[in-house]
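Enquirer: My structure is below; once you've seen it, I'll send some questions.
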Amino acid sequence: MHIRMLSGEIVARLSVEELEELGDVRSLKRRLNHSHGMATRFRQGFLLHGKTVEDSATLEASMDLNLVLLSFADVTQSQADDLVAAAERGSMAEVESVLQLPQDPDLLDSVGRAALVCASCAGHLENVHLLLEAGANKDVADNGGFTALNSASGEGHVEIVRLLLEVGAKKDVRDYGSRTALHNASYGGHVEIVRLLLAAGADKDMRDRRSRTALNDASDAGHVEIVRCLLEAGVETDVRNGDGCTALNSASRAGHVEVVRLLLEAGAKRDMVDNDSCTALHNASDLGHAEIVGLLLEAGANKDVRD
């Protein structure tokens, strides 16, 4: 089989074996996109003897197909809204239908939301696949600065995070609060996502608008396994947030015994003061966390520091 542009230029030749392997026109479009650098399958059209060939059509050696590259359709704001809504509610058939127009997958809805971000936030893996296949910008951000990776990380959607990382989504994009995917996963308690982000090279010490790192977030929330992961990755242990609290200060105040134990074992400074001149020992003592008081004293915390 020969695939030609309308100009007559041959863009691909396929053997009988390749046709049998591909099976249908949809698979052929994917092959042309991946192996020949053509537009996504949604922007490819095929003609046979001047008639449109459907994606479901079976490929035959006798076919000589003409390839037409399609521009995005001019759509209304209402149509852009419809794609975002379909992506968010998980309607795969509707998303496929809209993308077949073909419609630009990156158009924002009336309130500034992107289809890929909404699908990722809602956990609809198949819609994320479809939108990426349609050429959606993997780093598109909504009006709050959230990318698909930020959103999926905060919501705990492991397979979507894995997919986005595999296609090269930027790991350290900041949202409106200067928070990254790692911040969101750490605060949300999503340990497998934290591991994925760290393995992919996410900046482990990035600070948000309130000077909080992922370790500050995980320690404050009491997520022991995430604190362990971050410490094993070599994060800075003594970063002070906007309130002057280190991870140890925060965990001591919140009563997270195992987090305090891990931080002390990792060498966190015991006597750093927050903006109220309180140490971890002050916080634990004032709030009645006796076991933490014991850990801090055993680790050599200065019991005579005044606030």
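Note: Cβ is positioned from N, Cα and C throughout, glycine not excepted.
TrEMBL annotations: computationally assigned, not manually curated.
The shown structure was predicted, so the numbers you read here are calculated from the model rather than taken from an experiment.
Annotation comment: TrEMBL describes 111-143, 144-176, 177-209, 210-242, 243-275, 276-307 as repeat 'ANK'.
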Enquirer: Go through the chain and flag residues at least 6 beyond the ends of the repeat 'ANK' (276-307) whose CB is under 8 A from any CB in it; none is fine as an answer.
Expert: 244, 246, 248-249, 251-253, 255, 257, 260-261, 264, 270
Enquirer: Apart from its near flanks, which chain residues at least 6 from the ends of the repeat 'ANK' (144-176) lie with a Cβ under 8 angstroms of it?
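Expert: For the repeat 'ANK' (144-176), the nonlocal Cβ contacts are 112, 114, 116-117, 119-123, 125, 128-129, 132, 138, 182, 184-185, 187-190, 192-193, 196-197, 200-203, 206, 208.
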Enquirer: According to DSSP, how is the repeat 'ANK' (111-143) divided among helix, strand and coil residues?
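Expert: Looking at the repeat 'ANK' (111-143) with DSSP, the answer is 17 helix, 1 strand, 15 coil.
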Enquirer: What is the average pLDDT across the repeat 'ANK' (243-275)?
Expert: 97
Enquirer: Near the repeat 'ANK' (111-143), which same-chain residues lie under 8 Å Cβ to Cβ, leaving out any that are not at least 6 residues past its ends?
Expert: 30, 39-43, 83-84, 86-92, 95-96, 99, 102, 105, 149, 151-152, 154-155, 157, 159-160, 163-164, 167-170, 173, 175
